[in-house]
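Some features that Swiss-Prot has for this protein:
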REGION    1-145  region 'Modulating'
MOD_RES   SER84  phosphoserine
MOD_RES   SER102  phosphoserine
DNA_BIND  146-211  DNA-binding region
ZN_FING   146-166  zinc finger
ZN_FING   182-206  zinc finger
DOMAIN    261-495  domain 'NR LBD'
REGION    505-527  region 'Disordered'
COMPBIAS  506-521  compositional bias 'Basic and acidic residues'
Amino acid sequence: MDVKNSPSSLNSPVSYNCGQSILPLEPGPIYLPSSYVESRHEYSAVTFYSPAVMNYSIPNNSEDGPGRQTTSPNVLWPTPGHLSPLAIHCQSSLLYAEPQKSPWCETRSLEHTFPVNRETLKRKASGSSCASPVSSPSSKRDAHFCAVCSDYASGYHYGVWSCEGCKAFFKRSIQGHNDYICPATNQCTIDKNRRKSCQACRLRKCYEVGMVKCGSRRERCGYRIVRRQRNSDEQLHCLSKTKRNGAPMTRVKELLLSALSPEQLVLTLLEAEPPHVLMSRPSAPFTEASMMMSLTKLADKELVHMISWAKKIPGFVELSLYDQVRLLESCWLEVLMVGLMWRSIDHPGKLIFAPDLVLDRDEGKCVEGILEIFDMLLATTSRFRELKLQHKEYLCVKAMILLNSSMYPSATASQEADSGRKLTHLLNAVTDALVWVIAKSGMSSQQQSMRLANLLMLLSHVRHASNKGMEHLLNMKCKNVVPVYDLLLEMLNAHTLRSNKPLVTRSERNLAEDSESKEGSQKPQAQ
């Protein structure tokens, strides 16, 4: 028997009696009300619906899925032979741009399409709701724990469940002196037994778990919660109204992106992280050919994962295919290098290209010209290590490198303006997420500004190392030291074409200026 969710519009259940049936029950799928499916309680009696009773036609199962129709424009695309490998990789993302629809599927709330914070995930996983402050003290299942030190929570204080000790500590910190300094590395463990050992790390963790000044009383912040819910409902109403009126979908998708909070965006970037690529280390000693073969194979594998990572960034697949390819071609080596720096940040003097491919600086001497690039990578990694770069900061910085790599104009002026507006919107969202991550560290406003500036200034060093690496790869390709295939070859060819275009344009402009100057000098002589 095929059991499915009933449409949400069926609000009047018709009881079914096995002994005496008023209406004949035709054979077909049986639809189970969603209230029974989604509830966690067990019911002794369940009401069933038949499509024939409710005058609904059964979808034809001979088609591809029950009542499912794809709106994918895949049939309109040219064959892969007319597109580059990178365009084919990016083009597949459009298959998932529009969700599949079915006449028997319920309309999900928009909030389920966005990532939620860890506290919400914990509550959903445990099956208990923390939305209500009323809990039974007699049952340990309903007991809440302090989000800071994991002790038993006394209530909902400053926006989170916390104990009396952490509540009082946070109150003293926000009302008085809070310029605490960690005697260690700002990574102290804060738990029930060691929460008093370091005030700086305790305050930092208070901010990390979400403590805010306005959350001192749940009732006092009630109007903020209601107002936030009202704004969310109004935004959803505007989105549905915009869709009904046939407004451009780009505006709707921009509103969806703006609905993401910085925390949700960071969690999305965390989920989008590509997996580690394993490479077998060649037998020692290294030669120029063996090392370059290992590095180019690794880069080609990482490029495939990098395209998948880019498509998971909120709003990236909403860009045109041309813009997606242009951004990836402009920054692919920078993204790979900043990932290399993050893997090597805890290993001074070493470059962790892969978990099984670790190179020392001196091992680069076997390849002509690569030792200078190794030194640049190690120097920038050392600077990130001095700043104690955090993982969430690294996620935001890597996304900023991708979205800030647009250096070439679009085909037309209108396309240039539209793509510039979309990219600016995406870049602002990622920048807000980076600012939010730095603010959660508990530093003063001046220290936060300095840290943001230091992180952004290091991006120029990453770009410089990328330019050197690109030049070295092109030289190795021209000398036929190592064969280059697939996506890596496509990226190198795109870089060659783009770097030659400005030179041709500049030479043509110089020739035009010379001809104009000659004509201007000949006219007075003729007179």
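Quick reminder: no glycine exception, Cβ is built from N, Cα and C everywhere.
A quick note: this is a predicted structure, and the numbers were derived from the prediction, not measured.
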Tally of DSSP helical, extended and coil residues in the zinc finger (146-166): 3 helix, 7 strand, 11 coil
The zinc finger (182-206) - residue tally per DSSP class, helix then strand then coil: 8 helix, 0 strand, 17 coil
Segment-level pLDDT (mean, integer) for the region 'Modulating' (1-145): 46
